[in-house]
Amino acid sequence: MSCIRIVGTGSGVPESVVTNDDLSKIVETDDQWISSRTGIKERRISQGENTSELGAKAAMNALEDAGLTAMDIDIIIVATTTPDSFTPSTACIVQDIIGAKKAYAFDVSAACSGFIYGVNIATKMLKAGDEKRALIIGAETLSKVLDWNDRSTCVLFGDGAGAVVLEKGEEEGILASTIGSDGTLGRASLSCGIFNVHNPFVKDDIEDKINMAMNGREIFRFAVNIVPQAVEEVLQLAGKKLEDVKYIIPHQANLRIVEGAAKKLDLPLERFYMNLHKYGNTSAASIPLALDEMNKNGLLQKGDNLVLVGFGGGLTWGSLLIKW
Ligand code: UT7
């Protein structure tokens, strides 16, 4: 039975750093409110680079880390809520930019859980098929869909991309994975890019809503419950215990959500890796960005067990148990 493991990680973030103080010049807010309610101090905001360009940067960075070239890749999956266009998919644009001529490419839409969905899908595809390697990219330019007059959302998010290379072989890596969704709660809690039908045959024309709209408290409640649940579920699937896990890498949305989840799991906060203060919530990019930072900073030792856990719009969630 073949195994799937991560053989490279990478990041691609815009250069421009926007601090909480910078935002207080745009909307009525301050560093004290943003830091204490979320844990965010600054974020990267694109000055024109689109999702595909950030995704391609992260992909090249991950390929370099793996010692591979774009021609070694068979599958490209981009998880994003902010694609460059409806078509071509952002994954096809990334394929073109990096020159992965042998691959086939498609996008996955599962909001902040998208990276976990991508790894879950690719793992199954690699196990079932002849393909050997997949590039999974979480990439977002949320700044293009934020309402920059709405202080309750525009201070929370940032732009960026993270990527991993998955490879099929004999060595263990992805030990277990879960994904889930509940569409009943989705539209009222978090929506973005609502395009209604406008054509000569429509009588009651409804205005489009491109900007992100969110019921923050609803998502908060959902997240604090689903994170511990998804962590426990993935451990159970692999017959492991929390004591076997070195780090939990959660979706980076709000420090208080992670504090709530840590309390429910009865784990010290130090077991959760956070880089939210530097990037804000980068949706599908947040987990691979954190994983890459840990990898490049030498925090991961061979054999460490890690749990990656995501949640977000849809509503969606997912978790991965990885042996590094
Ligand atoms: O990736 C998944 C996507 N989303 C999330 O993860 C979001 C999850 N939710 C959250 O992180 C939190 O609910 C928020 C950070 C969004 C909000 O925190 P909260 O403690 O639930 O605050 P709130 O929405 O209850 O707002 C409290 C007050 C309000 O004023 P009043 O009505 O009490 O006078 C807001 O108007 O804070 C006000 N407020 C702000 N004040 C200064 C809202 N945004 C700001 C702001 N600066 N940026």
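Glycine residues also receive a Cβ, built from the backbone N, Cα and C atoms like all the rest.
Just so you know, TrEMBL annotations are computer predictions that nobody has curated.
DSSP assigns Cys112 (active site) to a helix in the three-state reduction. Around Cys112 (active site), the C-beta neighbours below 8 angstroms that are at least 6 residues distant in the chain are Thr81, His251, Ala253, Asn281, Ser283, Ala284, Ser286, Gly310, Phe311, Gly312, Gly313, Thr316. TrEMBL lists Cys112 (among others) with the feature active site.
Under the heading active site, TrEMBL lists His251 (among others).
What TrEMBL records for Asn281 (among others) is active site. Following the DSSP three-state reduction, the secondary structure of Asn281 (active site) is strand.
According to TrEMBL, the feature domain 'Beta-ketoacyl-[acyl-carrier-protein] synthase III N-terminal' maps to 106-183.
Mean pLDDT, taken over the domain 'Beta-ketoacyl-[acyl-carrier-protein] synthase III C-terminal' (235-324), works out to 98 on the 0 to 100 scale. Marked as domain 'Beta-ketoacyl-[acyl-carrier-protein] synthase III C-terminal' by TrEMBL: 235-324.
Taking H, G and I as helix, E and B as strand and the rest as coil, DSSP gives the region 'ACP-binding' (252-256) the counts 2 helix, 0 strand, 3 coil. The region 'ACP-binding' annotation in TrEMBL covers 252-256.
All protein chains considered, the CB of His251 (active site) has 30 other CB atoms within 10 Å.
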